[in-house]
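A quick write-up on the structure given underneath.
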Amino acid sequence: MATNSMGSVCNTPRDHTRATRFSSHSLIAVESSAVYPVDAVETSASENAVKSVMYGLINAILVIPVFMSFTAIIFSDPFFQPYMPALVKLVGFSCAVHQTIFTLKSSLPFAIGQVQDAGLIFLSAMSSSIVTILTADKDLPPNAVIATTLVTLSSATMLMGLALILTGHVRYLSYIGFFCLEAGMGLMAGVEIKNITDWWKLGNVDALVHIFPGVLCGLVLFILSSKVQHFLVLPVCLTVLLLSFYAFLLVSGFSFDDVRRTGWVSFAPAAVSSPLQVFD
């Protein structure tokens, strides 16, 4: 089923995390006296089996209500209500297959392949759209609508999985920094950057003036966080930058309307309702 394509939970045991935390290369200097060795605890095969069964039972208790709720979200259209018992069983079976394959084939020995909820809204929208389109034909039986929906969602899930495998194979995510840079430049300049052909929008004087303070602040944050190893460096720097901006407004006499007109601050969004009205 299509619920199985949007990721899996990989839980790292606490002892394993603690043991490897100081074994990997880190920019933070750690005194050897502060690192306590983790002694391996010998456990018998029967103890491991009991622990595995216990973890499996706990996992089942948690996951069964989850995949039932996933079914209700994916097949939220009223058309599916008479067939919900069968759909719940189908989603449960697909979740079991997903978790079994992921646990057996994963390169992470501690991985638990629970299905995730990231793609539920898309799957729900797809199933509702399919029902809307197919039910327009009054001669089409309900079982054909359900079959078409299931095949479409499963096919879309498979294609999504293949796309993720291809993305990892070509190491496409290694270029994520480029997209962050592109988005940051567009936000600072106040222009829309969709692809590299839109970079010409950053070449005018107005865009460069708006980008320069952001680049300068980024360099300051990078240098300070590299030179000073303290957890308060980043929050203190961000607070100082924010207070400096307000101090500049106070000294210069500019108002928020003035800086909004020049593109330094975005305009306030139209409020649909006040926070108090949300809870009425």
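Placement of Cβ uses the backbone N, Cα and C atoms for every residue, glycine included.
TrEMBL has this to say about the protein:
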{"type": "TRANSMEM", "residues": "53-75", "note": "transmembrane segment"}
{"type": "TRANSMEM", "residues": "143-166", "note": "transmembrane segment"}
{"type": "TRANSMEM", "residues": "172-193", "note": "transmembrane segment"}
{"type": "TRANSMEM", "residues": "205-225", "note": "transmembrane segment"}
{"type": "TRANSMEM", "residues": "231-251", "note": "transmembrane segment"}
### Summary
Other same-chain positions with a Cβ less than 8 Å from the transmembrane segment (231-251) and lying at least 6 residues past its termini are 217, 220-221, 224-225, 259
## Note on the structure
Within the same chain, the residues 6 or more beyond the ends of the transmembrane segment (205-225) and with Cβ under 8 Å of it are 184-185, 188-191, 233-234, 237-238, 241, 263-264
